[in-house]
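What follows is a set of notes on a single structure, which appears directly below.
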Amino acid sequence: MKAPVRVAVTGAAGQIGYSLLFRIAAGEMFGKDQPVILQLLEITPALEVLEGVVMELEDCAFPLLAGVTTSDQAKIAFRDAHFILLIGAKPRGPGMERRDLLEANAAIFSQQGKAIDAMASRSVRVLVVGNPANTNALIVQRNAPTIAPRRFTAMTRLDHNRALAQLASKTGARVNELRQMIIWGNHSSTQYPDISQATVKGRRANGLVDRQWLTQDFIPTVQQRGAAIIRARGQSSAASAANAIIDHMRSWILGTPEDDWVSMAILSDGSYGIAEGLFFSFPCRCSAGNYQVVEGLEIDEFSRTRMLATEQELAEERGAIKHLLP
Ligand code: NAD
Ligand code: LMR
């Protein structure tokens with residue numbers, strides 16, 4: 001049996017936590033041979049609810065669950081963590097944009113960045129989910145200067161999965177017959193879901209759909225999907241977000257298939273002309289716990305304009321929280 005990995009999860013008593021923890025404990029994130037210790041963080045008033053979640057975890061008798069701890073102190077929850085899933089934050093309500101949460105949530109992420117720096121394993125891998133996820137990831141990363149910047153990511157995998165589902169439905173294909181979807185930029189309504197590289201059953205997706213569907217239907221549907229779910233459910237997405245968290249971490253750790261890639265928001269190194277120092281979603285290939293931006297893709301004028309718009313928004317978000325960036 002492998003040694004257990006330590007997985008810290010914040011906001012563990014929230015909606016996403018409830019859809020996520022049981023799947024991690026069942027082995028869906030790290031594989032069916034990898035024991036896990038869950039280190040759960042909540043704010044003090046939610047600790048009682050969290051105890052109920054822990055009781056349910058116990059009652060599942062998961063063979064891979066090697067331990068569960070709870071705390072309201074980030075420095076305790078992050079101690080020696082190999083993986084940290086930063087979910088705990090305020091979600092948006094109807095009529096809000098994700099950037100409206102910046103002020104409410106930014107302080108959480110600056111404090112948690114410092115706690116990661118002080119307490120986590122030096123080889124920790126961090127995924128930021130709490131919104132606005134890209135800019136929160138920047139706050140966390142900059143507050144954890146002794147951890148390599150490559151170990152911080154933000155989640156656009158939900159957008160990637162949404163885009164796959166829309167294209168599969170339009171072309172009458174199954175999702176696993178699609179390859180090479182891309183989400184560029186921010187997890188926000190300026191994101192650019194790009195099918196210019198995508199294939200459906202080996203054929204170029206661009207040749208299967210018309211420009212009007214792309215601009216009037218596909219792109220806005222993916223960009224606005226989170227808001228549509230909030231309107232319908234009265235709460236933001238949770239099960240699909242938890243599913244995307246599993247997918248993101250699984251790809252990062254266990255790798256991507258030879259003929260495909262995934263979308264991950266990572267610290268820009270200037271690839272595709274995107275300003276350095278922003279957490280921007282790129283197509284990435286993963287192998288053995290590492291990721292690489294897929295380089296050399298041709299970017300036409302249509303794509304470039306949309307990539308610049310989402311880059312501009314991220315630069316503005318960074319400007320709004322610059323006092324939190326050491
Ligand atoms: P929720 O309100 O159901 O749960 C959030 C939990 O976080 C609560 O239990 C709360 O007590 C806890 N929390 C708040 N501050 C905390 C702190 N400082 N430390 C630890 N825990 C804290 O919300 P949810 O639906 O689970 O969503 C959580 C976040 O994820 C929101 O910001 C939401 O917008 C975001 N989200 C992101 C994506 C994505 O694709 N990136 C998808 C869905 C939701
Ligand atoms: C989503 O995309 O569903 C989440 O980011 C929640 C939201 O605020 O839209």
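Just so you know, glycine gets a Cβ as well, placed from its N, Cα and C.
What TrEMBL lists as domain 'Lactate/malate dehydrogenase N-terminal' is 5-150.
What TrEMBL records for Gly11, Ala12, Ala13, Gly14, Gln15, Ile16, Gly17, Asn105, Gln112, Val129, Gly130, Asn131 is NAD(+) binding site. Under the three-state DSSP scheme, Gln15 (NAD(+) binding site) falls in the helix class. Cβ environment of Gln15 (NAD(+) binding site): Pro91, Gln235, Ser236, Ala238 lie under 8 Å away, each six or more residues apart in the same chain.
What TrEMBL records for Arg92, Arg98, Asn131, Arg162 is substrate binding site. Counting every protein chain shown, the Cβ of Asn131 (substrate binding site) has 27 other Cβ atoms within 10 Å.
What TrEMBL records for 156-317 is domain 'Lactate/malate dehydrogenase C-terminal'.
In sequence order, Arg98, Asn131, Pro132, Ala133, Asn134, Ala154, Met155, Thr156, Leu158, Asp159, Ala265, Ser281 make up the list of same-chain residues 6 or more apart from His187 (active site, proton acceptor) whose Cβ falls under 8 Å from its Cβ. According to TrEMBL, the active site, proton acceptor annotation covers His187.
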Ligand 2 is in the model; which of the binding-site residues Arg92, Arg98, Gln112, Asn131 have a C-beta less than 6 angstroms from one of its atoms?
Arg92, Arg98, Asn131
Secondary structure of the domain 'Lactate/malate dehydrogenase N-terminal' (5-150) by DSSP, residue by residue, totals 65 helix, 27 strand, 54 coil
Of the recorded positions Gln112, Gly130, Asn131, Arg162, His187, which ones put their CB under 6 Å from ligand 1?
Gly130, Asn131, His187
Work out how many Å separate Gly11 (NAD(+) binding site) and Arg92 (substrate binding site) at their Cα atoms, rounded off.
15
